[in-house]
Amino acid sequence: MGKGFLDCESLVALQEMALHPIDLTASGCLSEERIQKNSLSAEGFTYSYATERVDDRCLEALQGLTEERELIKQMECMQQGAIMNRIEGFQSESRPVLHTATRAWVRDQDLHEEAAAIARHSKEEALRLAEFLYIARAKFSTLVQMGIGGSELGPKAMYFAMQGSCPSDKRIFFVSNIDPDNAAEVLREIDLEQTLVVVVSKSGTTLEPAANEELFRQAYQNKGLSIAKHFVAVTSQGSPMDDKSRYLEVFHLWDSIGGRFSATSMVGGVVLGFAFGYEAFIEFLQGAAAIDAHALTPKMRENLPLLSAMLGVWNRNLLGYPTTAVIPYSTGLKYFTAHLQQCGMESNGKSISREGKEISFRTSPIIWGDVGTNCQHSFFQSLHQGTDIVPVEFIGFLHNQRGLDCVLSGSSSSQKLFANLVAQSLALAQGRDNANSNKRFKGNRPSSILVAQQLSPRIAGSLLAFYEHKFAFQGFCWGINSFDQEGVSLGKELATQIIGIMSGNAPVEFPEARGMLRLFNVLT
């Protein structure tokens with residue numbers, strides 16, 4: 001849609017500006033006026049980008065780029081069910097992208113055709129979930145969720161995000177890795193009779209959950225317990241797992257819901273509803289749905305995910321920074337960056353356009369990070385004085401979740417936490433001169449700060465959707481398909497062949513793999 005990324009007139013202007021971006025170390029640069037002007041408050045968040053290397057001219061050009069690339073129109077098309085997961089002229093999944101429809105039913109929205117159908121089915125599944133939870137929460141004390149990728153990362157991140165603000169007497173575990181030690185660790189911790197096992201696989205054939213399900217089924221058989229009374233499936237209709245004779249209950253999702261965008265479907269619904277109750281899950285959906293609507297705001301400087309996306313494009317494509325660090329100053333978000341790695345890098349780590357052509361510019365940065373203040377004492381040395389400049393996205397909250405705090409030396413721990421967040425952003429931006437070169441901080445290291453009052457279920461849902469839409473906007477801008485993941489398939493295909501060699505049933509010759517296996521089998 002619109003002009004190609006490299007054909008945009010705004011990009012030419014931005015390239016000129018990138019030669020001499022604003023100097024954040026200049027005296028008076030971070031004035032009160034700039035701080036107030038370069039901020040946006042919406043949907044329970046305040047977003048500060050005064051410490052990014054942008055000025056009004058740059059922001060106007062970025063707005064122009066959003067218009068030339070028709071980003072809002074593309075977002076509208078996505079939410080209404082257009083075929084956004086496609087590569088023109090080549091075999092591809094050719095599907096709509098409708099994770100937003102899984103939460104659209106909690107607010108009034110005029111949806112078309114398949115989007116309306118997915119919203120309707122999502123409501124039906126949610127109502128079935130409410131009935132199921134009424135019985136399951138009374139009967140079971142523990143839940144184990146089995147899944148890989150988006151079937152684990154998003155739900156796990158959101159479970160821990162909500163854990164501090166939602167009282168719960170339930171124990172939750174996640175099993176994802178095909179490494180049997182992962183399953184063994186969890187089996188040691190649980191009472192099988194009190195445990196509900198949720199197996200998540202859209203296709204019903206995913207290797208990792210299939211292997212782990214078999215390990216758990218064997219454990220239940222060895223205990224003489226009924227498997228069908230303890231196991232729940234979340235899968236597509238008609239998949240091999242869509243079998244009520246093998247499961248206590250089967251919940252459904254659809255082809256148009258990508259794994260990394262599935263936390264607001266039953267992929268996240270069963271575990272979050274079991275852990276915190278159905279109402280907490282609905283609050284979570286409401287937060288996500290609010291950002292879905294907000295993401296359609298036309299003006300970039302009034303649209304949280306669009307603004308963040310375009311600042312990311314500026315940092316990646318114009319200033320040339322290869323990585324982005326996401327640093328939440330919240331223990332509840334300790335698994336959130338891992339989810340963002342998948343959501344961002346699996347979506348936009350592409351080198352082919354939607355027209356099937358090789359592209360000649362940078363796409364997704366490497367996304368990484370950890371929880372503050374912990375990481376201030378590990379990799380922040382490199383952020384401040386290393387040879388690579390790393391844009392940082394700080395996330396913070398004014399109040400902690402659990403209510404426990406103390407005052408030491410005149411300030412609470414929550415105040416100290418937030419003070420450190422702000423201090424790091426300013427230190428990166430302004431730096432500090434010193435005659436001792438070892439103590440010199442050059443500054444001009446960009447960052448942004450996203451703050452909410454407290455990490456609640458609603459804010460967790462909004463934060464999830466904020467980043468989903470940020471990455472979608474960036475993919476739209478670059479003209480790539482953010483909704484497939486062909487890069488996952490080659491390694492899986494080769495692994496299947498190597499498993500055949502190891503089991504003595506190799507379907508094809510694979511001398512390189514045999515050579516590798518001979519090298520390492522010497523250790524046995």
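Note: Cβ is positioned from N, Cα and C throughout, glycine not excepted.
Taken residue by residue with DSSP, Glu346 (active site, proton donor) is part of a helix. Summarising the annotation, Swiss-Prot assigns active site, proton donor to Glu346 and lists sequence analysis as the type of evidence.
According to its DSSP assignment, His377 (active site) is helical. Taking the Cβ of His377 (active site) as reference, no residue of its chain lies under 8 Å away while being at least six apart in sequence. Feature annotation from Swiss-Prot assigns active site to His377 (among others); the stated evidence is sequence analysis.
Lys492 (active site) has a Cβ environment of 10 other Cβ atoms inside 10 Å. In the three-state DSSP scheme, Lys492 (active site) is classed as helix. What Swiss-Prot lists as active site is Lys492 (among others).
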Cα distance (Å, whole number) from Lys492 (active site) to Glu346 (active site, proton donor)
15
